[in-house]
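Colleague: I am attaching a structure below and will ask some questions about it afterwards.
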Amino acid sequence: MISNEVASQEVGMQRDQDLPAPANATLGEKTQGHVDTAEAAAAPEFKEGGYGWVVVVCVALVNMHTWGLNSSFAVFLAYYLNSGQFEGTSPIVFAFVGGIAFCISLMTAPLVTISVRHLGSRFTLGLGVIIQTSALVGASFGTQIWHLVLTQGIAFGLGVGLSFNSTVSVVSQWFDKRRSFANSLTTCGSGFGGLIYSLATNAAISSVGLPWAFRILAVLTFVVNGTCCILLRDRNKAVGTVLSAFRWELLRKKEYLLFLAWGFFSLVGYTIVIFSLADYGQSVGLSASQASLAAAIMNLGQGVGHPLIGLSNDRWGRFNVAGISTLLAGLTALFIWVFAGKYFAGLIVYALFGALAGCIWPTVAAVGTEVVGLPLLPSALSIFWVFLSIPALCAQPIALSIKGSGANGYLGVQLLAGFAYVVAFLFLWLLRAFKFCQRDTRQSNSDTEFEDDVVDSEGKATSGGKLIGGLFSFKSAGTGSITSGATTSMMHPYATRHPNPEWNLKMQVAKIRNDIRY
């Protein structure tokens, strides 16, 4: 769901290393190009697909039994709040259980990077399977709230993070022409997993009780993810995957801070919506099965809609798709959820817009590429996920703290979610205008030196007139054609230095590897 497109771009970057040097390249550049070409010639020929389709199925199933299973916490939360299972426990504490799991699963990204580098993808996935299964089994024996915090919160989040983050880069290593399509298929797993497990969890709790519901989920997780661990194969060595560390200098860039702000407020809205819907349904008089059905349909919307949003990024523009989707997520929460959500049919209609609620997942990689450039994207997203662990942990407890009683008790929560999306849209649209100004400034200064070009673009991009113009412009807003998904849009800020965009990408990678900061 989150980083499949990131991985596809990393692998594509590796394939561009063996491009021939242009005629006006220096001797050193020609020599480097000759070496890259020789190494590429020595490597075995790669044929797309084949066993890669088995890998696609495996990663989709892992997504289903990590993020999809995590989405079923909405059903658990509704049960905790309405059953009195753990007497004397505050609703905010229950919300923290799901928040901790979500938070830790995001914060494990740097840990997984180190583990995959030294131990491999299969070992890391296997470790995640064991921890996640143990967490669910442990939760089945919980009798006090701190048992849930340790098992369903901390341990489950760690298992999800290890399992998911170790597999997101594998699919892209098996595809070239069909890479976007293959990655889109894997993102369906989380949505359809949420659909299945939202219904199955409610049915299991009703029929066999909470402890056995946990044990059934543990068995399914172990069997499915364990099988995927056996079948999964990566090509890290063959493609020369670079596992980047943090680059904290990104935090000094205005556009990256706007990018973080968009992600922060988007996740506030998403966490509230995805975890509150089932309990909201029961609070307005719906049955537990009707409320879980609404949560399931919300996940169905994500399963169907996220691949469509991801595939439309290149066609309609990365900032455009992300911005409009974020704004629509806020408007549907403020109008459909608030005014029609009190009725079962209205709540189902709102749930059908589930793809908009989680629009950050299929768009974050494309937007991040426009902000920092392709080579710095893995590091940028590592910081991004760690930063987003804050709303993942705190959003739902804050929402429950402002929840009132009665049929309108969730009004404050609904307004918080809706306006969080609107604020996220404003930050993203400001970022779009900022990049629009950078592009225009860079084009006007295309004859200057490389360093001057970068400094000038950052210095002049914030001029008032250009920035206001960018806010209301509907042209492409990147270093290249955002609406067409051109290669130059992923080569910021080096794309204007040579008329051959492929050579620009090759030289950009060389500059980054030599620690030349932009």
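Note that Cβ sites are derived from N, Cα and C of the backbone, with glycine treated the same way.
Whatever TrEMBL says is automated annotation, not expert-curated.
I grabbed these lines from TrEMBL:
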type     : residues : note
REGION   : 1-27     : region 'Disordered'
TRANSMEM : 53-80    : transmembrane segment
TRANSMEM : 92-116   : transmembrane segment
TRANSMEM : 123-142  : transmembrane segment
TRANSMEM : 148-168  : transmembrane segment
TRANSMEM : 180-200  : transmembrane segment
TRANSMEM : 212-232  : transmembrane segment
TRANSMEM : 256-278  : transmembrane segment
TRANSMEM : 290-309  : transmembrane segment
TRANSMEM : 321-341  : transmembrane segment
TRANSMEM : 347-368  : transmembrane segment
TRANSMEM : 380-399  : transmembrane segment
TRANSMEM : 411-431  : transmembrane segment
Colleague: Between the transmembrane segment (290-309) and the transmembrane segment (123-142), are there three or more C-beta pairs closer than 8 Å, counting only pairs 6 or more apart along the chain?
Modeller: no
Colleague: May I ask whether the transmembrane segment (92-116) has at least three C-beta pairs under 8 Å with the transmembrane segment (347-368), counting pairs 6 or more apart in sequence?
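Modeller: Not in contact, no.
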Colleague: Near the transmembrane segment (321-341), which residues from the same chain, at least 6 beyond its ends, have a CB less than 8 A from one of its CBs?
Modeller: 262, 266, 269, 273, 280, 284, 309, 312-313, 347, 349-350, 353, 355-357, 359-360, 363-364, 366-367, 411, 414-415, 417-422, 424-425, 428-429, 432
Colleague: I'm a bit unsure how to read this: which one of 92-116, 148-168, 180-200, 380-399, 411-431 has the highest number of Cβ pairs shorter than 8 Å with the transmembrane segment (53-80)?
Modeller: 180-200
Colleague: Under a criterion of three or more Cβ pairs within a distance under 8 Å and sequence separation of at least 6, are the transmembrane segment (380-399) and the transmembrane segment (92-116) in contact?
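Modeller: Checked: the transmembrane segment (380-399) vs the transmembrane segment (92-116), in contact.
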Colleague: Are there residues at least 6 beyond the ends of the transmembrane segment (92-116) whose Cβ is under 8 Å from a Cβ of it, and what are they?
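Modeller: The answer is 66, 70, 73, 76-77, 80-81, 86, 123-124, 127, 145, 148-149, 152-154, 156-158, 160-162, 164-166, 236, 243-246, 271, 275, 381-382, 385-386, 388-390, 392-397, 399-401.
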Colleague: Which sequence positions outside the transmembrane segment (180-200), separated from its termini by at least 6 residues, show Cβ-Cβ distances below 8 Å to it?
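Modeller: Distant contacts of the transmembrane segment (180-200): 1, 4-5, 7-8, 52-53, 56, 59-69, 71-72, 74-75, 171-172, 174, 217, 278, 292-293, 295-307, 310-311, 314, 354, 361-362.
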